[in-house]
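Read the structure below first, then the notes.
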Amino acid sequence: MSAVDANVAALEERKTPASSIGEKNTAFSFLGEDVTPLDEAIAARVLRKIDWFFMPAMLIGYGMVYYDKAILGSAVLFGMTKDLELSIVNTSVSPAVTDTTRLSWATSIFYFGQLVGSYPMVYLLQRFNVSRTLGPIVLVWAILCASTAGVTSWSGLLVQRFFLGFVESMVPTAFMTTVSGYYTQREQALRQSWWFSGTGWFTIIGSALNYAFGQITRGSLHRWQYLYILAGGLTALFSAWCFALPNSPTDAWFLTIEERKVAVERLRHDQQGVRSEETQRIKVSQIKEALLDVKIWLVALMMASAYTVNGAVSGFGPLIVSTFGYTTLESILFQFPLGFICAIGIPLTGFLASRYGNRISMLLLCTLPTIAGFVTIWKSSWGHRSVAPVVGYSLIGFFGPVVSLIITLGAGNVAGATKKSFVAAAVFVAYCVGNIIGPFLIDSKQKSRHYPKLWTGLIICYCITIAAASTLFVILRRENKRRDALDLDDNERTRLAFKDLTDKENLHFRYIM
């Protein structure tokens with residue numbers, strides 16, 4: 001018995017026979033078990049159609065996910081802090097001390113909501129059709145976002161942001177699993193980076209919008225209230241696309257029948273499977289495997305440590321820049337270079353990863369300018385229109401490529417529908433943990449000393465990222481070498497492609513590094 005047959009036999013012992021999976025799997029009803037040679041021209045056309053349907057909308061969608069969180073950083077400069085009593089000035093001491101703990105909680109509570117919502121939302125996403133879950137959820141998100149304008153107290157803001165985070169938790173996970181369900185492993189790095197680059201583009205676009213609304217001097221609403229109403233309206237437009245999403249390549253309405261078959265055949269070689277009625281069933285065995293998989297824990301640790309910087313920058317970025325000696329509006333404009341580095345660096349590293357591989361090497365390389373940015377801000381002189389800390393603040397934008405490559409490593413190194421969904425949620429939970437920690441590294445009492453607690457904490461987090469990424473590289477390379485040495489029957493590869501096996505069960509699967 002071959003190693004692959006042994007894995008299939010193990011499945012049968014758990015009463016999930018591979019044959020029954022194959023019989024129910026929609027991919028087999030489309031293709032059968034015989035491999036059909038791909039017409040390169042048709043395959044290229046299919047890939048192009050998939051790109052045009054998903055990528056622009058996903059970039060905008062994730063840009064909105066980032067924008068409605070980052071609004072808080074500008075809103076506090078436009079009077080929200082005073083209106084909702086997010087900061088408290090203690091005048092009983094000399095000099096007076098400003099306590100921004102409430103603002104830290106307003107930033108972090110959003111991610112507590114995402115943390116609580118992540119697994120319920122992932123369950124809904126896997127159990128039911130994508131359009132019937134993501135569409136309504138995004139519409140609710142739009143309503144909640146716009147309702148921020150009606151909040152009248154800091155406690156009300158905390159409640160509103162918790163539920164906003166709860167519903168938004170579905171979006172990044174849905175995007176991760178969508179890319180892994182339509183693209184080959186080689187294509188995924190670039191596509192994951194395309195939608196994730198919305199972080200950078202909407203840092204620029206959002207800052208421009210915030211600057212424009214900052215010019216408002218009259219009106220029945222405060223300037224920060226207009227920002228949230230605009231964000232809610234844009235999100236509502238995005239929900240229309242979500243209602244039109246197909247469930248998998250087999251029912252992608254924007255492709256012809258012939259093109260759908262090609263779309264599914266493209267995925268057969270990667271052994272990652274295709275979403276179907278069978279794969280929408282939750283499999284406890286795959287959840288157990290994910291929990292015991294050290295690779296998943298390493299990816300989650302990398303995400304939590306690398307994304308800590310976002311929790312600090314999204315809520316406090318403009319506020320920190322204003323302490324370099326710049327006006328409120330100038331502080332908003334200085335988000336542009338940081339956003340530009342994210343917007344260009346994320347798809348560039350995704351392209352290089354798709355073309356040449358070496359994802360972990362590029363990830364490690366991008367951590368270095370990020371750490372340099374932390375040190376430059378911390379150790380430079382802050383005064384009237386200081387240049388050095390602004391340069392350091394811009395270098396922090398390299399955190400975007402780091403996180404984008406982590407997402408690629410998490411999504412591309414997993415097979416099995418339930419395991420993929422579980423891992424996507426786990427990575428997202430780690431993302432929330434990093435964002436929760438970030439704001440609490442900022443101690444307003446340390447402002448005169450350039451927030452040493454913040455920069456020390458972030459440097460430690462990025463050292464953890466480097467250590468975890470290096471360990472993951474060693475594990476993946478060792479496992480690929482072990483599998484390459486096995487005497488596997490290539491004919492089995494075709495038969496097992498759509499059996500919903502995990503990456504551990506299917507020894508034909510190869511890990512990307």
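Numbers run from 1 along the shown chain.
Placement of Cβ uses the backbone N, Cα and C atoms for every residue, glycine included.
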* Asked: Looking at 46-67, 332-353, which one does TrEMBL call transmembrane segment?
  -> 332-353
* Asked: Does the transmembrane segment (360-378) come near the transmembrane segment (454-476), with 3+ Cβ pairs under 8 Å (pairs 6 or more apart)?
  -> yes
* **Stretch contact, the transmembrane segment (454-476) with the transmembrane segment (225-245), Cβ-Cβ under 8 Å, 3+ pairs** => no
* Closest-packing stretch to the transmembrane segment (225-245), where packing means Cβ pairs under 8 Å, from 137-156, 296-320, 390-410, 422-442 -> 137-156
* Segment-segment contact (the transmembrane segment (162-182); the transmembrane segment (296-320)) at 3 or more Cβ pairs under 8 Å -> no
* CB contact flag for the transmembrane segment (296-320) and the transmembrane segment (332-353), at least three pairs under 8 A -> yes
* Structure fact -> Comparing 137-156, 194-213, 390-410 for Cβ pairs under 8 Å with the transmembrane segment (332-353), the winner is 194-213
